[in-house]
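S.K.: Per TrEMBL, the feature domain 'TRAP C4-dicarboxylate transport system permease DctM subunit' maps to A:12-428. Annotation comment: TrEMBL describes A:6-39, A:60-85, A:105-129, A:141-165, A:177-197, A:224-246, A:282-303, A:315-333, A:340-359, A:365-392, A:404-432 as transmembrane segment.
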Amino acid sequence: MGIEYITILIVASLLALMAIGIPLGVTTLLVSLGTAILYFGERAGFFLVAANVTEVLHKYELIAVPFFVFMANVLERSGIAHTLFESMAILGGRFRGSVAVQTTIVAVILAAMSGIMGGEIVMLGLIALPQMLRLGYDRKLSIGIICAAGALATLIPPSVVLIVYGLAAQVSITKLFAASAVPGLLLASLFITYILVRVRLNPAMAPIYDIPETGLPFFSRLKFLTGAVLPAVLITVVLGLIYGGIATVTESAAVGAVGALVVSAIQKRLSWTMMRDAMRQTVLTVGSIIWLVLGAVSLIGIYNRIGGGDFLRDLLGSLDIAPILVIVVMMLIVMVLGTFLEWIAILFITVPIFAPVVADLGYDPIWFGVLFAMNIQIYYLSPPFGPACFFLKSVTKDIELQEIFAAVLPFIALQAVGLFLVLFFPQIALWLPSMLGN
Amino acid sequence: MSKFLSRYAAAMDRASVFIGHACSALFFACIAFSALEVVMRYGFDHPTSWSIELTMALCAMAWVLSVGYVTERNRHISITMLELMVGPRVWHWFRLMQILAAIVTVSVFAMAVWDPALRVFSRPEYSGTALNSIQPSLLKVLILVGAILYVLQLLANLVRWVQGTEKASTHGH
Amino acid sequence: DTYTIQTSFNAGDFSTTYLTENWLPKIKEMTDGRVEINLTPSGSVVPSKETPQAVAMGVLDGDWTSVNYFSGQEPAFAILGDLISGYDTPAQMLGFCKDGPGEKVWQKALDAIADGEVQLVGCGPYSREALPARVPIKTFEDLKGKKIRSPEGLASAVFAAAGASPVSIPFSEVYGALEKGIVDAADASAYVNNAATGLNDVAPYPLYPGIHSMPSMELTMNKAKFDELSPEDQKALRDWFYMAMEDLTNVVHEQDEKLAAEDTRKEGVEVIDWPQESRDKMRVVARKEWEKFAEKSDLAKEALDANLEYMKTIGLMN
Ligand code: NA
Ligand code: NA
């Protein structure tokens, strides 16, 4: 049987097994064990799977994942976000759409502290959404901004998505972090522009915010800045360690985790229970991610050995279109997969195949990593499997999933605009790493 | 028999949760050692030779051994789109299929990592670095222990499915 | 037949490209098309440490890889893989394999870790590694207190004995670690490869010619598959390997010399060549470590004795 049929068979069985709800890690292990045994017999097939799976545990960079997850959990449980939101709201003052804009800015700050998506959306859903609805903000605008801005956690560094991409594509995680900062801010400013334009066109969407503190003169409002100072210090420390090259990404993540504990201690919110719960939540999250990685890595090793990688590279290479369109095709594939697959699964299926082609075509794999992470932003929102929407749904009782899906559509369009801007103007991503390199 | 099985399920759940909680302490130690390394290097200009290998060993131990806890809480990542389409009664049978498929796969996987794990007892493998730790051997054994834990907890979940005492799955990423 | 051989080269680096373009067509020619080789990059099928097992099982048809990776499984490979301060040129050490007792003891070490199912075709180094450093290390004494990245093998033990702190960080982090001073110097690769990966840009005081190492590689095949070849093809394969390695040695040396000479003239770059006195001190320290490693297993002892015996025959030792 030719490799093209094997490929179709592998993809079909993956999809069928996933569709009936078998955990993705089990699905990939099952398919890789099956393929390995058919190709190499039991003894050699078993060895191949075992060797590749065990190697995952030797990947030093992967250790940053539990650290960033823990940091996010501490931030979520310690109320740091709540304080931050309050002080931003008061500092921001009154103008039409101010609360929606402040929500976006708070999301960006939280994103610069947290490497995973989820906690942020839950927090914003609990704090910002009731606020906006109470003030009479348009429901769809409010819901959409929380999902879209909350998803920025994995585009603005630090980001677990970029760490795993760096591992799969074998490129520098530090450079990926540097390259994704500006595109992250680009998306945030697209969101803010969109809000301001919408509320200007239709003032009924956003009544003026009216709490007594915002009426104070600017200098009196400055004292509310304290809530934002500690988070700012934490961001500076973590990103400073990474960009300044003082510590590896893994070590910076550890310092960040300790820092998050220190910040919550200063705000008198550190408790044994909080720490314990944050740690247990980390175990559950990381424990589920690792089996997905194990299965995916084993599948890739076997698929490469039977010539699958070469086959797909030749297939993509033989496309008779301009190189940039090859990238566009890749992005469309990721987008389609993003409607129904988990991000790690998408990453491990596509990146090992795409990354060498990207390099062959003469493009920078760092830039491609940023495009990938921006595409994952779309994945978070796009129905039917839109994790950001699920997260928001989990904290709001009176909003249907259908309404959330409808609300995020304009933001998906904005994300796509951002994606194509970076696609056609790579300097947006590559400017900062080239500056830091000198 | 049924009583024995439900006792097994309860005991297995307790063991998995206990190990899972212990894993959280391991992660905490990893964070502490990594942060300490930064302090040693910059504060005292004295990098340790053991920090990275020790951290990796502890972390690997934590995320492999947490598998029972993750399985007990039904937190493995899966796609549940069909649940809404087929309705709860059909989905109930899908659940059985998912558990059985996982049991078969992970058992075969345990067989795959069996030989490499046993091999290190007759021929230990060291890291070969300055520290020359036993870490590579440890990881090969750990992955087998993890696979066995996974199967044991899946069997407990199977018992719960049969007896109708399954726990609700919680969403998580 | 086409044989899949995993290398320890990274995809697209100088050595892989050179071998693929110049030497892969030759083996096909030499065997009238009976042997074709497909080189796959480091870690593409199985992790670098697992290639002997993978070859034994038939998952790979062979490997062409640096053997320092195996020193945790059998200490003899630390000595075979890089006998630091032992030989002066790669040609001498290739001679240890090709004309001396090298292949015999090497095969024994392979049998120990791969159950006698892997056949050694040839072995030896093709380059002397340079040592990219971000601070000047002008003499043996300067090593004291320096943080030096070194992975598996003798190198880290030798650096430690010389008073430096060996730091074990993954290869993927070497660039960043050097750039920002997490390490002062890094055990990396030949001068030309370091230049290609940009290491020399962030480490402006490269030590060249290197002071420490000459990593040795092996070409192996699955024993059953090797035995199927006719004796002529087996011989052709071995001859081809040594011709390719000798050629690669010359080409890499030429490139190294050229680049080092260019860099010497550059502002802000200082290519450091250690005085003989420092090299001698390094050799004394290294030899003590050879002895220590030789005590770790019978095979390690045998590997060291074979090296010492050959060094005497070529006049490197008395
Ligand atoms: Na982030
Ligand atoms: Na989606």
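The backbone N, Cα and C atoms fix where each Cβ goes, and this holds for glycine too.
These figures come from a predicted structure and were not determined experimentally.
On this model, are these features tucked inside or out on the surface, and what's nearby?
M.R.: Long-range contacts of the transmembrane segment (A:60-85) within the same chain, counting only residues at least 6 positions beyond its ends with a Cβ under 8 Å from a Cβ of the stretch, are 102-103, 106, 109-110, 113-116, 118-120, 122-124, 127-128, 153, 158, 160, 163-164, 166-167, 173, 227-228, 230-231, 248-250, 252-254, 256-257, 259-261, 263-264, 267, 269-270, 274-275, 277-279, 281-282, 285-286, 289, 293.
Here the transmembrane segment (A:105-129) has long-range neighbours at 64-65, 68-69, 71-73, 75-76, 81-82, 84-85, 88, 92, 99, 142-143, 146-147, 149-160, 163, 184-185, 188, 192, 228, 231-232, 234-235, 238-239, 253, 256, 260, 285, 380, 387-388, 391-392, 394-396, meaning same-chain residues at least 6 beyond its ends whose C-beta is under 8 angstroms from one of its own.
Taking Cβ pairs closer than 8 Å, the transmembrane segment (A:141-165) reaches residues 61-62, 64-65, 68-69, 72, 100, 103-104, 107-108, 110-112, 114-121, 124-125, 128-129, 132-133, 171, 173, 176-178, 180-181, 183-185, 187-188, 191, 195, 198-199, 205-206, 238-239, 242, 249, 252-253, 256, 293, 343-344, 347, 351, 369, 372-374, 376-377, 380-381, 386, 388-389, 391-392, 399, 403-404, 407-411, 414-415 in its own chain, all 6 or more past its ends.
Beyond its flanks by at least six residues, the transmembrane segment (A:224-246) meets 80, 83-84, 86-88, 90-91, 109-110, 112-113, 157-158, 174, 177-178, 213, 252-253, 255-256, 259-260, 263, 266-267, 436 of its own chain at Cβ-Cβ distances under 8 Å.
Same-chain residues lying 6 or more positions outside the transmembrane segment (A:365-392) and placing a CB less than 8 Å from one of its CB atoms are 117-118, 121-122, 125, 129, 143, 146-148, 150-152, 154-155, 159, 161-162, 165-166, 169, 171-172, 175-176, 179-180, 183, 187, 327, 331, 334-335, 337-343, 346-347, 350-351, 354-355, 358-359, 399, 401, 404-405, 408, 411-412, 415-416, 418-419, 422-423, 426, 429-430, 433.
Listed as Cβ neighbours of the transmembrane segment (A:404-432) (distance under 8 Å, sequence separation of 6 or more from its ends, same chain) are residues 139-145, 147-148, 178-183, 186-187, 190-191, 194, 324, 327-328, 331, 363-364, 366-367, 370-371, 374-375, 377-378, 381-383, 386, 388-389, 392-393.
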S.K.: Could you tell me what the rest of the chain brings near the transmembrane segment (A:315-333), counting residues at least six beyond its ends with Cβ under 8 Å?
M.R.: 350, 353-354, 357-358, 360-363, 368, 371, 375, 419, 423-424
S.K.: Counting Cβ pairs under 8 Å that are 6 or more apart in sequence, does the total for the transmembrane segment (A:340-359) and the transmembrane segment (A:6-39) reach three or more?
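M.R.: By the criterion, they touch.
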S.K.: Could you give the residue numbers and ranges of same-chain residues that sit at least 6 residues beyond the transmembrane segment (A:177-197) on either side and whose C-beta is under 8 angstroms from one of its C-beta atoms?
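M.R.: Contacts with the transmembrane segment (A:177-197): 97, 100-101, 104-105, 107-108, 111, 141, 145, 148-149, 152, 155-159, 162, 206, 239, 242-243, 249, 366-367, 369-370, 373-374, 377, 410-411, 414-415, 417-418, 421-422, 428-433, 436.
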